[in-house]
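This report refers to the structure that appears directly beneath it.
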Amino acid sequence: QQQQQQQQRRHYEELAHKSGFSTEQIKNLHKRFRQLSGNKETISRANLDSIPALANNPIKKQIIDAFFDKRNQRQDDEVGSLEEIGLEQFLMVMSHFRPPAHKSGEEERQAARRQKLRFLFNMHDTDGDGIITLVEYRKELLSKSGAIGHQAAKAIADAAMLEVASTNAPHMAPDDFYEGITFEHFQQILKGLEMESRMHIRFLDVDTTTMRCGKATS
Amino acid sequence: MSPRRGFRHPGSFGSSLPERGLLLLVLIVLLQGSLLPFGAASSPDVGHRDEADVHAEAEEKHNFTKKPFPVLSFEYKHIQVPFEISLWVLLASLMKLGFHLIPRLPGIVPESCLLILVGLLVGGLIKLAGQKVPPVLDSNLFFFCLLPPIILDAGYFLPIRPFMENLGTILMFAVVGTLWNAFFIGGLLYAVCQIQPNNPSDLHSLELLPCLLFGSIISAVDPVAVLAVFEEIHINELLHILVFGESLLNDAVTVVLYHLFEEYSGVGSVTVIDGVLGVISFFVVALGGVLVGAIYGILAAFTSRFTSHTRVIEPLFVFVYSYMAYLSAEMFHLSGIMALIACGAVMRPYVEANISHKSHTTIKYFLKMWSSVSETLIFIFLGVATVDGQHNWNWTFVTVTVVLCLVARVIGVVGLTYVINKFRIVKLTTKDQFIVAYGGLRGAIAFSLGFLLDKRHFPLRNMFLTAIIIVIFFTVFVQGMTIKPLVDLLAVKKKQEAKRSINEEIHTQFLDHLLTGIEDICGHYGHHHWKDKLNRFNKKYVKKCLIAGERSKEPQLIAFYHKLEMKHAIELVESGGGAKLSSAIPSTVSMQNIQPKKPAPAKPEDRVLPKLSKSREEEIRKILRSNLQKTRQRLRSYNRHTLLADPYEDNFGEFLLKKQKMMKWRPHLPMFVCCFNTPGTLADPQAYSMKPALDSVPTIQVDLASPQSPDSVNILDEFQRSEQAAAAEEGEDDGGLMMKAPTRPHERCNAGEMDAGTREKLSRCLSDPGPHAEDEDEDEPFLP
């Protein structure tokens, strides 16, 4: 029993080192993981699908896909998707939503920003080729807010793409073709949004005593 | 927050003009200044003369003595009151004009300081003339006429998102901070007043409760002063909303404390029960005020749903409902300011979806105008009241008050920030704290509250008033003048001017959904979860009730896109049809560059423009006919009540035509160069034909025949068109009626729905592009 606990603690510490969470937070997240997976070792897509609260979310599929996307595991250049994820992968994905540390230097903040934007980018870039093409953008807009019709989504996507192109590649001859939004362009257009302070989940920051690891039937 | 003054003197004029203008202004001011004493002079005699007149008239009736008919007579007292009011307003406005004519002054001295100086001057003139200064800063006048426009302006245009995100911080500063200030200042003042046993002075008679009352009056940060000063320094949104939000929300605390201490100052002691009741009263006052405001806001939104036939009076509803919310709250001694803010904030999204664009502009400009005039008047009156007031100068009291105010503010802010930062993600830095502390300005509300005090209960009222005035002067002059250089010195982040682009909007919404989803996966009912729930509730139930017609189902993204497009279309017109490109990054990118290359020619169905169904054709013809008729009568029928009923009153059609002209008659301009690109602008006009179309609400825009263009009426269809249609456009150059078939791949929509939708869209979409377009319209001779 004691040895088991020690082993678990070491496991947590290792995870903490990799993902950047504290051991307390990992313990709680592990609890939630077990709830979602039904006390098994891995989570499959079906487990995440069955969360009732997610049903109303227009980008549910993309969120779930993001958990199983290899690119979000921060292991360089692996593409493709996993079938099931274990605790470590779960934590790696969650770590994208850590709030910025209070005393972080400029570099750390930039790195965090880059990481979060990369996560977003991967969500849009569904075929994994490193660019968001117009087709992908349109599809994503269409699914995002169901009430927008085909035409509207197409037009908005076109306008948005045009804006990106205009800001990033201003001088193009009439015959040039703008392939799509690369990661650099993506960073450029979203630089006004201050991702590092907006893209985070609150509870990962506060003391775990105030954290509510909710029920699976939430 | 948009700047209050819309008028900037163009620097291109010669330097002699502003000086001449200035001289003229000074003359006019002196003239007015001399008239005001006359006005004041005649007032005491009014009562007397009336009676004398009545007697004289009665006698005349009996005697029937014939007097020659008075060709020209002078009767000032008849029009005295409105005349004087107008004179004051005129004075205020001319002052405002004057300050902006002087070249470098607005940069150095904030407007509020100059206005107080002017007030002092005018008050001095009146006193010199030996007349009694009219009691201008009468509390009723202030609280019922001068304050509401400013607060309504602030509340209606309150940026909701940053306000809600920082609500916890703002509430902490407003409630806890004000309480701390009040007790600290009041308590220490009392202590100081007691420590002079050698020379018994007036101060000894000052008891604890009046001190606390004084503390509560002087501790509240004033929204008017904050607005006046902060608007000129353009600091970043976070700090602005913190200080400004605090100044608005501390009204509840001030109201409760004021009434509490005022009640019991007579008695002389406050028990614990009273304290507890006071706390309860605070919640009642604050929440009650918000509730009253919200109710009126919903009423206003509901009313605006039915105003589609009487567009002219739409702004009136906004103003009247808000004012009634304020008065109702004041009736119950609830917080009127919070009611007004709640009313404006609640009604805005729904009202804006319902009213026409012209009404929207009207509301905006009326609010800005009234609040601007109010603010100016308030500062001038402060100056006048200073000269007039009976002062009781006491060195100790005044200096201790000023020092304590500063110290209390600093300690309060630092202490509270320490606590708040434990709960905030984006922590407040020392620089932020300094600005928040330094921006705690006091203003006219404190003075008016002091003015309201009853002299019988508070024998030292005049001393209070003097001290309040000195604190106000100190904060407005010293802090107001130095805050701008300090902001520059400390390199505080300034407001970002960048416009919101469509990509940012898309990704912000995406982020919201993403974060909500992640919270659900973690099982944590956080921030985003509740916000999402609220949004869904809003969309499902509330919007259906309060927004008329089709707009209730319009997703936010579409609304945003339409707004953006409208703005760019207006810019296009105002820039003279694209000839002047006001672009930051000129770009040659156009739609062609981003369209995915089609491997083969498009499917044959897309090529051929589908035929119109019979009923649709009939409808289009009907619209054309009716519009042509209306245009013929346009110049002759002007009816106050149907100002906006005719969609042709607006000039949307006009600039659409301009664009068409530009496309057709300047073939040397390559198509894709007509593209103006600041980040966030839309495609080039060529791609204008690719519009977002709601599947269920097709729109038809009708261009009017103008003498300049032989190709009179086109119908541009707002449906998505493929590039082939663009080419097709080029070919149709004949005059007369032209119709472009709408390419509608789906046949879902039935004719009836389209009719209503079309008409609605027509009357809503056509906006007022601004003075230039209208000028050009007037110039064109019209075919009889």
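Using N, Cα and C of the backbone, Cβ positions are placed for all residues, glycine too.
Range with TrEMBL annotation transmembrane segment, chosen from B:109-129, B:214-234, is B:109-129.
Taken as a whole, the domain 'Sodium/hydrogen exchanger regulatory region' (B:584-664) shows an average pLDDT of 51 in this prediction. Counted over residue pairs 6 or more apart, the CB atoms of the transmembrane segment (B:170-192) and the transmembrane segment (B:397-421) come under 8 Å in at least three pairs, which marks the two as touching.
Only residues 6 or more beyond the boundaries of the transmembrane segment (B:109-129), in the same chain, are considered here, and those with a CB under 8 A from a CB of the stretch are 33-34, 36-37, 40-41, 91-92, 95-96, 99, 225, 228-229, 232, 375-376, 379-388, 473, 476-477, 480-481, 484.
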